[in-house]
Amino acid sequence: MRDYSKEIKSWAAELGFDFCGISAADFLEEEAPRLERWLNRNYHGKMAYMANHFDKRLDPRKLVDGAKSVVSLLLNYYPEEPLDASPYKISKYAYGKDYHYVIKDKLKLLFERIQKEIGEVGGRIFVDSAPVMDKIWAKKAGLGWVGKNSNLINRKMGSFFFIAELILDLPLQADGPIRDYCGTCTACIDACPTDAITPYEVDGSKCISYLTIELKDQIPNEFKGKMENWIFGCDICQDVCPWNSFARPHSTEEFYPNENLKTFQDWDEITSEIFSHLFKKSAVERTKLEGLKRNIAFVKEV
């Protein structure tokens, strides 16, 4: 009898995914009270969409009819070197082409391969674009544990990964979760300049990533002097994590930074033309030029 789980993992590796794990597409019973508490505390800030589709976030069968399995995939984005020509900082995941495009293309190829090799298989691909609790599914699939900074941490390569899923109506052999290896470490909690992190929970409304990307209003004055020059996203809680000493540079060409971005220093004079040149098809497009200029102006104020 064919081992479809093993074959799918092999095909995922051929497409460049670093890790692939499988879990049964069941209701996430343990997560329901946690998600409800997080929302009730308004930790989602002004990300109103986080409160939508509560039932779908917890049950993949409401996203895909007849769902039997969740295939979780990790793709490394850790760069060879940080962009440090300028004092302003951009999260490492945004150095290259927008991950949505890159991973979606790979997932489509994987799904096509599954349908070609196995037959009539229904399902959907997800790349941070629907109400899917990707870190929880990756944890259930044994790809890592959710750390105190709420990121998925993999023992072999840390946490600088994109997470994606295929939810299929195909029954597959599920992998089991691994244990938590954070131990007594509080490096991420201690390092967060806005005090957004408590053990295993992040107050999104205080997170620098939220403030520089998701928040469309003015950044509250209480965060002045606390942004540490981050103008798009933030990597502090990952940079200080001991497990990221195992991070290795990725080999995905699309994630290599724009050559002009490596040396760019004139952030205070950035124009729409320069913005388009530096960030075409980049995740930074999400914040738009005005958002980036707002962030730059805010971090300059002390």
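Cβ from N, Cα, C; glycine included.
Features as listed in Swiss-Prot:
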type	residues	note
ACT_SITE	Asp128	active site, proton donor
BINDING	Cys182, Cys185, Cys188, Cys241	[4Fe-4S] cluster 1 binding site
BINDING	Cys192, Cys207, Cys234, Cys237	[4Fe-4S] cluster 2 binding site
DOMAIN	170-202	domain '4Fe-4S ferredoxin-type 1'
DOMAIN	221-251	domain '4Fe-4S ferredoxin-type 2'
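Cys237 ([4Fe-4S] cluster 2 binding site) and Cys188 ([4Fe-4S] cluster 1 binding site) are 4 Å apart (CA-CA, integer value).
A straight line from the CA of Cys207 ([4Fe-4S] cluster 2 binding site) to the CA of Asp128 (active site, proton donor) spans 18 Å. Around Cys234 ([4Fe-4S] cluster 2 binding site), the C-beta neighbours below 8 angstroms that are at least 6 residues distant in the chain are Lys89, Ser91, Cys207, Ile208, Ser209, Thr212, Glu228. Counting Cβ atoms from all protein chains shown, Cys241 ([4Fe-4S] cluster 1 binding site) has 25 others lying within 10 Å of its own Cβ. When the binding-site residues Cys182, Cys185, Cys188, Cys237 are compared by the number of other CB atoms within 10 angstroms of each CB, Cys185 has the fewest.
In this structure, the C-alpha atom of Cys192 ([4Fe-4S] cluster 2 binding site) lies 24 angstrom from that of the residue listed as 'active site, proton donor'.
Candidate binding-site residues: Cys185, Cys237, Cys241. Nearest to Asp128 (active site, proton donor) by Cα distance: Cys237. Tertiary neighbourhood of the domain '4Fe-4S ferredoxin-type 2' (221-251): same-chain residues 16, 75-80, 87-94, 147, 149, 151, 153-160, 181, 185, 187-188, 190-194, 197, 206-209, 211-213, 267, 284, 287, 292, 295-296, 298-299, 301-302, selected by CB-CB distance under 8 Å and a gap of 6+ residues from either end.
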